[in-house]
Amino acid sequence: MRWIARLFRGAWNILARPAHTLGLGFLTLGGFIGGVIFWGGFNTALEATNNEAFCISCHEMEANVYEELSRTVHFSNRSGVRASCPDCHVPHDWTDKIARKMQASKEVWGHIFGVIDTRSEFLDHRLEMAMREWTRLRANDSLECRNCHSEIAMDLSRQAPRAAEIHTEYLIEGEATCIDCHMGIAHELPDMTGVDPGWLVPAGLHGEIQPGLTGEENAEIEGYLESVEPVEPEEAFPEN
């Protein structure tokens, strides 16, 4: 019989003090609904700033790096798989994505105040911006690259001998990360004068390049120039 008494007592409390009792319920329900609306709006805004159209809405992006991307295999290829701006420059994991968006606030500042408003200004800052991005990718072990490319899924037998050898010795063994060798894969390289390129053939493979030396020092090694000739994607990954 006690449960009946508690039931009547609860009903009486609702009738006697509706503002107090129902206010708490409405507050809880209202807070939940408000939270859902806020989260939906926040996530929608986040995704709206995480697509190619948003990235190239700034003229300095469309006229420079996007134009370069459109000429690469990451933009147009036989399989029809395209990597857009956020695929390579924004982490897919939510927490890392939020951190990257916070960092990007400085880029918005630069856009508003015209830091790279012209082509010449863009070229003046290009090396600085590229090195900042390369440093970020080295720090996260080329996370954005690995969202699509996995060394576990690589068929090394279908790669050129040089590519297969380097991937086996350095990438799979964890001695290097993607960006160490693939700078300039989607955009033109800046003026690399005084910068040690990442695509030098390691000494452990052919004994021609000494890791840790500057490009100038390596240039003195016999056979150096021949060993670093660029390899086209079709040569590195031939079709069988």
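From the backbone N, Cα and C atoms, a Cβ is placed for every residue, glycine too.
Residues or ranges marked as domain 'NapC/NirT cytochrome c N-terminal' by TrEMBL: 20-192. For the domain 'NapC/NirT cytochrome c N-terminal' (20-192), the model's pLDDT averages out at 86.
Marked as transmembrane segment by TrEMBL: 21-42.
Taken from TrEMBL, the feature heme 1 binding site covers Cys55, Cys58, Met61, Glu107. The Cβ of Glu107 (heme 1 binding site) has 14 other Cβ atoms within 10 Å, all protein chains considered.
The annotation heme 2 binding site is assigned in TrEMBL to Cys85, Cys88, His89, His187. In the three-state DSSP scheme, His187 (heme 2 binding site) is classed as coil. Residue environment of His187 (heme 2 binding site) contains 20 other Cβ atoms, counted within 10 Å of its Cβ in all protein chains.
The annotation heme 3 binding site is assigned in TrEMBL to Cys145, Cys148, His149. DSSP assigns Cys148 (heme 3 binding site) to coil, not to a helix or a strand. Within the same chain, residues at least 6 positions away in sequence whose Cβ sits under 8 Å from that of Cys148 (heme 3 binding site) are Val81, Ala83, Asp87.
DSSP gives His182 (heme 4 binding site) a coil state; it is part of no helix or strand. All protein chains shown were included, and the count of other CB atoms within 10 Å of the CB of His182 (heme 4 binding site) stands at 15. Under the heading heme 4 binding site, TrEMBL lists Cys178, Cys181, His182.
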- request: Just jot down the residues in the same chain as His149 (heme 3 binding site), at least 6 apart in sequence, with C-beta under 8 A of its C-beta; none if empty.
  value: Cys178
- prompt: Quick one: what's DSSP say for Cys58 (heme 1 binding site), helix, strand or coil?
  reply: coil
Statement: Rounding to whole Å, the Cα atoms of Cys145 (heme 3 binding site) and Cys88 (heme 2 binding site) are apart by 7
Query: In DSSP terms, helix, strand or coil for Cys88 (heme 2 binding site)?
result: helix
- prompt: Among the binding-site residues His89, Cys181, His187, whose Cα is within 10 A of the Cα of Met61 (heme 1 binding site)?
  reply: none
- request: Any same-chain residues 6+ apart from Cys55 (heme 1 binding site) with CB under 8 Å of its CB? Would you list them in sequence order, or say none?
  value: Met61, Tyr66, Ser84, Cys85, Pro86
